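Record features (TrEMBL):
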DOMAIN    A:5-281  domain 'UvrD-like helicase ATP-binding'
BINDING   A:A26, A:G27, A:A28, A:G29, A:S30, A:G31, A:K32, A:T33  ATP binding site
DOMAIN    A:282-556  domain 'UvrD-like helicase C-terminal'
REGION    A:635-695  region 'Disordered'
Amino acid sequence: MDLLSDLTPEQRAAVTHIDGPLLVLAGAGSGKTRVITRRVARLLDSGIAPENILAITFTNKAAGEMRERIEALAPGSRVWVGTFHGFCARLLRSYARLVGIEPGFTIYDQADRLRAVKDVLEQLAGDEARVTPERVESAISRAKNDLVTPQALRRRARDEDEGLTAKAYAAYEEKLRACSAVDFDDLLVHVVRILKENPDVRASLDGRYRYVLVDEYQDTNLAQYAIVRALSVDHPNLCVTGDPDQSIYGWRGANLSNILEFEHDYPGCRVVKLERNYRSTKNILSAADQLIRHNRDRKPKSLLTENPQGAPVNLTILARETDEAEAVAAKIAGLVREGEYNYSDVAVFCRMTALTRPIEQALRSARIPYQIVGGVSFYERQEVKDILSYLGLMANPKDDLAFARVVNVPARGLGKTSLDHLVKAARDRGLPLLAMARQADQAEGLKDKAVRGFRDFARLVDELRALCDHPAEEVIRQVLERTNYPDYLKANSDDKGEDRLANLDELVSAAHEFELEHPESQVHDFLADITLASPIDRWDEQTGAVTLMTLHAAKGLEFPVVFIVALEEGLLPHSRANNNDKELEEERRLLFVGITRARRELYLSRSRIRTFRGQQQATFPSRFLDELPLDEMEMNDRSGISDPQYPPPRGNGSGSWTRRPDAYPAPRSSPGGFRLTTAAQLSGSGGGPASPADLDALRPGVTVIHPEFGMGRITAVDGAGPRRKGTVAFATGQSRTFVLAMAPLKPLVRTGGTGPARSG
DNA sequence: GGGTCCTACATTTTT
DNA sequence: TGTAGGACCC
C-alpha cells in the first residue's frame, strides 16, 4: 500500500524522516500511532533490516498492537517491539554475568519487593523502625529510577530515618543478590550499568539497534533516558514521540525534561508537531483545552479539530456514589438502547480502582456487561501466586522469598518457629533456604518432626525441578498434583473455593497459551512474561462490554463515549497530590488525558456524599470543574440538595456554578434524596437548647454542617453530658474540637431515615 | 503448630 | 471497607 497518500504534510514529514534524531510532538488524538507504524514500514521499505529496528512502547498491549500493524504493512518483518522492561529483561538474560547476576534470575514484582523490604527492615531495626516498609519500598524504587546507588543515598541522608532507609536499601540489594533476583527497576538499572561499564557491548548494541523508536517519551525516567542515550551514540537515529501534556507518571520517576530537552540533547534533531486532532468533537476538545491551559509549567499549544461541534459535555451532580453509579448505568443503557452505540464503545474512568465498586454494582444490576481493567491483578491472587512461587522456586532454587511463601502451603507442620531456625542456620552458613532445608538435620534448634518436614519439602521441590524444562502447563499440573493444592484449597476456602479452583484452571490455560506462542520457552520465561504483564494487557476491546478503568490505564486509548466519575476534591486532584503545584499539574494532566480519550460524548459527574472506607463523607467539587468551559456545557444537579456554604479553598470562586454561595440549605426533599436537619429537629424538641437526645445524634462518623466551617465529619467524641466534646474534620482540611452542646453543628441525614447517618 | 478471632491500620496511579 | 498481623486457645 502507499504509505504516504493519506497523510497530512506534517505526518508525512515524520514518516519520511529516516536518519538522524526526530522528535514528534503529538497532541492527543493527532494520529501518532499511525505515524509511528508507517514510519517503521517506511524504514523497512527503504531496505533497513528489521533486526536493526527497536520500537519501545509503554505497555505490552501497545506493543502487540504495533506489531500487528507493522505486520499488516510489512508482512513477515520481525521488528522487536516491546516495553523498556521487556527489552531489558531480554538483554539481561544475555549479559547478566557482566553485572554479577545469574542468567536464570527471577524477576520480583512490587509485592515481592515489599515483602523483601519488610524482612530486611525487621532484621535491621526489629520493631524499632520508625519508617514504614511501604515508604522504604517507594524510596528504593525512586532511587533506582533516578540511578541513585545505596551508597549515594546514604551520603545524602539528612536524618535517622533517611539513614535507615539507605541502610535498608543496601541490605535489600544484598538480599536480592543472594536470591538471584532482580526487581522491576533493576531490569533498567542493570542494563544501564552494562552499557556504561562495557563500551564494547554498548557499541555493538548501538550498531545492532541502529533505529530506535520510543513512544510516550514524556513518561520516561532517568534510567530509561540513559538506556536510549547509550543506544544512540554512533547511530543517533532516534525517534521519540510524546506529548508533555499527557505526562502522568511523575510519581514513578518520569522526568518531563527528557522530552522538553530533547532538542538540546540531540542537536540537529528534526521536530515535527502534530497538532490537529482527528479524534474528538469540538466541544470535547474545548473542554480539554480550557482545562490544560491552567497548567503554568507548559508550552502553550492549541488543540484544533475539523470534527463537528458534537454534543455538549455533560456534568451531572448526584447525591451519593450509588446514585452516581446508577445514573452512569442508566445513561449507558439508554445510549445502547437508542442503537447508536455498543457497550464496547463506552468506558468509565476513575482516579482510583477503589472507586469502581459502586459502578460495578450498578452495571451488574442493570445487566450491563462490563470488564474491569486493573485492581487486584489475576496474577496477584493468592492461589495463583502460591503456584507461581512453586514454579519460581523450581526455576531458581535460591529464591528464598518463594521458599518462605510456599514451604508451609499446604500446611506441612513447618510454622514460624521452625522457619526462623532454618533462616538463622541458612544465614550463618550463607546458604539459600532450599539448600539448608536439604540438610535441615544440621540446623540448630529444629525438632525432628520439622527436620523431616523440611527435608521432605526439599525433596519434593528437587523432584519438581527435574521437570523444569517441560512445558509450563505440564509443570503447573504436576505442581498441583504433587502438592495436593486443589484439596488444600477446597478445605480452606469456604465459599470462594470454586472461584479459586477456576483461577488455577485459568493459570493452566495461560501457560498453555504461552507455550503455543513461545514453543522454545522455559519456566522462567513464562514467569517473566507474567511478572512484566500489566493489567491492561489482559484487556480485550472486542468483548462487547463496557470498560471500567483508571485514568492512568486509559492512556493511549480512545472510546466513542467516556464517563469520568468522582470529580471531587481529594480524589481528583487526589489528596496526596495537594501539596505542590507540580503534583497538582500532573493531576490536571490526568483529567486532560481522560477527557481527550472521548471521541463523541463525554459525561462528567460528581457526588455530594461519598462513602469511602466505610464512612460517609460530604465532598467538595473538584477545583478542575471550575476550569472547564461551563457555559458551553450541559449541567444538571440531580442530587436533590444544594451545596452548603463554605469558604472557597482558594481565590474567591464565588458566583461560579459549581460553588453556590447561597446555599445554606433550605431543606428540600426529594424521593430518596437528602435534607439537612438539626439535631433539635431530629429529636422533635424544636430548636431550643440542645437536649441529651440531640447530642446523641452527634456521633463519630456522622457528617455535620457548621455555619462557618462548612461540611465535616465527626472523627471522635470525648467525655459525657453537657461537656462532651467532639472533633470534626472539615472538608477544607482543618480539624476542630467543639463542646457539642454549645456548637452550631447540624447532622446531615437521609430523608425518611430513622436516625442520623451512621458509619459502618 | 495451627486455626480463629480481633484489632489496628492504611488508602493513588503501575512497569 | 478490606487486610495484615497479633493474641489467644486448642
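The backbone N, Cα and C atoms fix where each Cβ goes, and this holds for glycine too.
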Least Cβ-crowded entry, counting other Cβ within 10 Å, from the binding-site residues listed as A:A26, A:A28, A:G29, A:S30, A:G31: A:G31
Overall pLDDT for the domain 'UvrD-like helicase ATP-binding' (A:5-281), taken as the rounded mean: 92
Additional residues around ATP, ordered along the sequence, whose Cβ is within 8 Å of the centroid of A:A26, A:G27, A:A28, A:G29, A:S30, A:G31, A:K32, A:T33: A:D243, A:L274, A:N277, A:Y278, A:R279
Cβ contacts of A:G27 (ATP binding site) (under 8 Å, same chain, 6 or more positions away): A:D243, A:D245, A:K273, A:L274, A:E275, A:R276, A:N277, A:K301, A:L303
Site of maximum Cβ density within 10 Å, from binding-site residues A:K32, A:T33: A:K32
